[in-house]
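Q: As annotated in Swiss-Prot:
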BINDING   6, 17, 193, 216, 217  3-amino-2-oxopropyl phosphate binding site
BINDING   8, 9, 44, 49, 99  1-deoxy-D-xylulose 5-phosphate binding site
ACT_SITE  42  active site, proton acceptor
ACT_SITE  69  active site, proton acceptor
SITE      150  site 'Transition state stabilizer'
ACT_SITE  192  active site, proton donor
């Protein structure tokens, strides 16, 4: 199973002070050196963390695939066509949300997305849609021309609250959805809310049907804690 490392929250720390550090570009290069298979970043409309220049530099400097998460807006499509990431993942976006709260409703946007995606497909960019593990959404994703889906795994988090039955049921839902999507010619990825605490069981149960995980916040959080001693010693 491949790992896509999301560097958004390196930029979140930087933007808290509107300064130049820490750099998500440096983080992307370190992730690549550490063995990541892909760099994922979300250029939001409000630019709350990743900035346009981050995307441009990461695409220019890393030698592994770049996955651009973006809302289905005209502005973002223009940026994607200019920068040419290896993949775009369409996600829903609300300015008031802290993070992406759920999957894209492809069913209700079906006709619009068919037209929206045409130039991106013609440019040779892989198209992935971030959706719930739902058969209707999978069918719609195939119909609009997606190459892949990324299943929203946020509801798998009850494992961390010791609600094991709920977590097992969510794994079952994700497995069924992944199999259904693969049978219809879609590649299957997954992400959101995966941590060091719950990812091992996820991989063990789904490695035969899910090709790739995209993980960011948990990696950044661990880096802050486990790199803190070294950083303090270097300052002293």
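For all residues, glycine too, the Cβ spot is worked out from N, Cα and C.
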Q: What's the CA to CA span in angstrom from residue 9 (1-deoxy-D-xylulose 5-phosphate binding site) over to residue 17 (3-amino-2-oxopropyl phosphate binding site)?
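A: Residue 17 (3-amino-2-oxopropyl phosphate binding site) has its Cα 13 Å from the Cα of residue 9 (1-deoxy-D-xylulose 5-phosphate binding site).
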Q: Long-range same-chain neighbours of residue 44 (1-deoxy-D-xylulose 5-phosphate binding site), Cβ under 8 Å, sequence gap at least 6?
A: 50, 71, 93
Q: Any idea what DSSP makes of residue 150 (site 'Transition state stabilizer'), helix, strand or coil?
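A: Assignment for residue 150 (site 'Transition state stabilizer') reads strand.
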Q: Whole-number Å distance between the CA of residue 217 (3-amino-2-oxopropyl phosphate binding site) and the CA of residue 150 (site 'Transition state stabilizer')?
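A: Rounded to the nearest whole number, the Cα-Cα distance is 17 Å.
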Q: Express the distance between the Cα positions of residue 42 (active site, proton acceptor) and residue 69 (active site, proton acceptor) as a whole number of Å.
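A: Cα to Cα, residue 42 (active site, proton acceptor) and residue 69 (active site, proton acceptor) are separated by 4 Å.
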Q: A 10 Å Cβ contact count, applied to the recorded positions 9, 17, 42, 49, 192: which residue has the minimum?
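A: Lowest Cβ count within 10 Å among the recorded positions (9, 17, 42, 49, 192) is 17.
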Q: Quick one, of the recorded positions 8, 150, which Cβ has the fewest other Cβ within 10 Å?
A: 8
Q: Just name the winner among 193, 216 (the binding-site residues) by count of other CB atoms within 10 A of its CB.
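A: Selected residue: 216.
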Q: Would you mind checking how many other C-beta atoms are within 10 angstroms of the C-beta on residue 69 (active site, proton acceptor)?
A: 26
Q: Pop the Cα-Cα gap between residue 150 (site 'Transition state stabilizer') and residue 8 (1-deoxy-D-xylulose 5-phosphate binding site) into the table, whole Å please.
A: 17
Q: Would you identify which of the binding-site residues 6, 217 has the most other C-beta atoms lying within 10 angstroms of its C-beta?
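A: Top count of Cβ atoms within 10 Å goes to 6.
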Q: Return only the integer: C-alpha distance in Å from residue 69 (active site, proton acceptor) to residue 49 (1-deoxy-D-xylulose 5-phosphate binding site).
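A: Rounded to a whole number, the Cα-Cα distance is 13 Å.
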Q: Just checking a number: largest C-alpha distance across 6, 17, 193, 216, 217 for the 3-amino-2-oxopropyl phosphate site, rounded to a whole Å.
A: 26
